[in-house]
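Single-structure report; data block below.
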Amino acid sequence: MLVEEKKSGIIDSILERLGINEAPLFRTPDYMYNISYWLGAMVAASFAYTIITGLFLLLYYQPAFAYQSTQTIINSVPYGSVLLFSHLYGSYIMILLAYIHMFRNFYKGAYKKPRELQWVTGVLLLALTLGASFFGYSLVSDVLGVNAIDIGDQLLVGTGIPGATAIVGWLFGPGGSAALSSNPLVRSELFDRLLGWHIIMVFLLGVLFLFHFMLSERYGMTPATREKPKVPSYYTKEEQEKFNPWWPRNFVYMLSIVLITWGIILFVPNLLANINGLPIVINPYPAPQAGSPQAVSVQPYPPWFFLFLFKLVDFLLPNGIPITPILTIALLVVGLVILMLLPFLDPSDSLYVTRRKFWTWIMTTLAVYLVELSVWGYLEPGVPEPTSAQIEFLGPPLVIIGIIVYLWPTERKTKTVSTTATDSRVIKMNITPMEILLGAVGTLSFAATLFNFIQFPTLINGIILVPLGLFAIYALRRISFYVLGGKPVASVGNTSSRISLRKKIAFFGIIALFVVSLVLLGLMWTLPSVGPQATYAGMDLGVILLLWGVAIQLYHYEIFVKE
C-alpha cells in the first residue's frame, strides 16, 4: 500500500482522498483542447485577477479622498501603478472576452437544449460585469467617472418612472456633485456608496459564476457539430468514460490559460501607460480630477463599454424629438430580455449556424451595431443624429448581413474525427477568437506606438515598435488568410515520428522559455518599483507569465498528446 502511494505521488494521494476524479466534473475529448473551447476559463481567469488586485487596492483606497488616494497608489505605493492599471484592464479584458464568449456560444449553438439555463445565467453575468465595472470606473473621481455618474443619474431620473429619484439616491447617494464638495464627509458619502455597490456586484458575480460553472460541468462543453449536430448536444456518461479526466490534463491546460490571460492583463495596460496620445477612454491613467481647471477641456465620455448607449441617446425620433430616457431604458431592457430568452425563442434543433439564419442575422447585426455605435459615440459625442443619419449608418450592415446570411449555403460537408481519449489526431482551427483579440490589441498598439514615435522619436518607443510591428504583421497575415478562404491546417496526417519530433522541440522550447523567464525575472528586480516607471516591471512580469503559460502549453503537448 505504501509503495502504491509513493508511485502515485503526494498530490495524487491528496486528490484521491478528496475524490476529485469521482466528482461530477466534465471529462474532455482531445479535440477540445483548443482555446476557443476555453473562453469561459479566460473570463474566469480575468475575474479572479480583478478580485485579487482589487483586494490589494482596497487597502490603499480612501473614499473621502478618492482622487488623491488613486494618485498615491500610482506614485507612492510599490508597484501600485501596476496593480491599478492591470486591475482596470483586467475588467476591460473580462468584458471583451465575455462578449466574444457569448457570440461564440451563439454561433456554436451552445445556448440550446440542455444548456438554456446556462445561457440565461451567462447573459446575467455579462450585465452584472458591466454594472460592477461601471461603479468601479467611477471610484477614481476623475472627470470621466463623475460624468458617468451624472449620465446615469440623468438617464434614470429622465424616465419619469415613479420612484426613479429614490432609485438614483439608492444607487448614487448625494450624486456626482458630491465629488466636487470641499467637505470630505460629503465626498465619502458618495464614494462609500459607489464602493459598496461595486463590492456587492462583484459578490453577486461570484455567486452567479459558481452556479454557471456548476451548470457548465453538468453537461460539459458543447461538442463539435460534426459530433453532435442536433439538440440535445452533449456526451453521455458512457461516452465521457473514454475521455480525459479533469486531473491532471484539464488542470494543466487551464493553468496555462490562466497564466497567459494574466500575462496579457499585465502587459497591455503597462505598455499603453508608456504611450502618449492614447484616446482618453482607454488610457490607463485617470483623467483630470472632476472640478479641476484641467477637467474643463475634457470631453465627457462614459466608460468605453457604454459608448454604444451614449450614442443611442443622441438619436432623434422621426418627428425630430430626441429619444426619451424611458424609451432608451425600454430598448435596453427589451433587448436584454430577448437575449436571455433566445434559447426558447429559437425552435430549431440544429447546431449548424446556417440552419438558424434569422437569429444568425439578428445576432451578427447586434455585434456589428455594438462596435459601430461605440466608435460613432466616441467620434461624435453629444451630436444629435436625425433619422436619415441613423439609416445611413445602421442600414447598410443590416441589409448586407441579411443578404450574406440568406445566400449562405445551408448544407456543409464535414469530416468526422474521432474524439476518444486515445486519439491524438486533432483538427486545428484556422484562427481562434483569442488570436483575433490579440491581433486587434497588437495592431492597435502598433498603430498608437508608430504615431507616438513619429511625434516623439525616443529610444524606448523605437524599441517597443519593432516587436509590435512584427506581431501586427503576423496577426494581419493570419486574419487575412482566414478571410480570403485559407484552408484549415490539420494534423490528421501526422505520423508518429513527426509527433515525436515535435515533442523533442517542445522539450527544448520549455528549457529555452524557462531560461528567458529567469533572465526577465532577474531584470524585473532592477527596475523601479514606485511611480509610473514601475510599469516597466509590470510589462516584464506580464511577459514572464506569458512565457510560463506557453511553456505549460508545450508541456501539455509533450506529456498528453499520444504518438
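Cβ atoms here come from the backbone N, Cα and C positions, even for glycine.
Worth saying up front: this structure is predicted, and the values here are computed from it rather than measured.
What Swiss-Prot says about this protein:
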- H87, H198: heme 1 binding site (BINDING)
- H101, H212: heme 2 binding site (BINDING)
- 36-61: transmembrane segment (TRANSMEM)
- 81-104: transmembrane segment (TRANSMEM)
- 119-141: transmembrane segment (TRANSMEM)
- 193-220: transmembrane segment (TRANSMEM)
- 255-276: transmembrane segment (TRANSMEM)
- 326-345: transmembrane segment (TRANSMEM)
- 358-379: transmembrane segment (TRANSMEM)
- 387-409: transmembrane segment (TRANSMEM)
- 436-454: transmembrane segment (TRANSMEM)
- 458-476: transmembrane segment (TRANSMEM)
- 505-527: transmembrane segment (TRANSMEM)
- 539-557: transmembrane segment (TRANSMEM)
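Annotated features, which come from Swiss-Prot, shown on the structure.
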residue	record	contacts (Cβ under 8 Å, 6+ apart)
H87	heme 1 binding site	Y49, T50, T53, G54, L57
H101	heme 2 binding site	L39, G40, M42, V43, G122
H198	heme 1 binding site	A132, F135, G136, L139
H212	heme 2 binding site	Q118, T121, G122, L125
Relative to the transmembrane segment (326-345), the stretch among 36-61, 119-141, 358-379, 387-409, 505-527 with the most Cβ pairs under 8 Å is 119-141
Where does H212 (heme 2 binding site) sit in DSSP terms: helix, strand, or coil?
-> helix
Selected stretch (most C-beta pairs under 8 A with the transmembrane segment (119-141)) from 81-104, 193-220, 255-276, 505-527 | 193-220
With a Cβ cut-off under 8 Å, give me the same-chain residues at least six positions beyond the ends of the transmembrane segment (539-557) that come close to it.
-> 33, 82, 249, 252-253, 255-268, 270-271, 502-503, 506-507, 509-510, 513-514, 516-517, 520-521, 523-524, 527
Run the contact check on the transmembrane segment (36-61) against the transmembrane segment (193-220): 3 or more C-beta pairs under 8 Å, excluding pairs closer than 6 in sequence.
-> yes
The transmembrane segment (387-409): which same-chain residues, six or more beyond its ends, come within Cβ distance under 8 Å?
-> 315-318, 354, 357, 360-361, 364-365, 368-369, 372, 376
Beyond a gap of at least 6 residues from its ends, the CB atoms lying under 8 Å from the transmembrane segment (193-220) belong to 24-28, 40, 44, 47, 50-51, 54, 61, 63, 114-115, 117-118, 121-122, 124-125, 128-129, 131-132, 135-136, 138-139, 149, 171-173, 234-235, 240
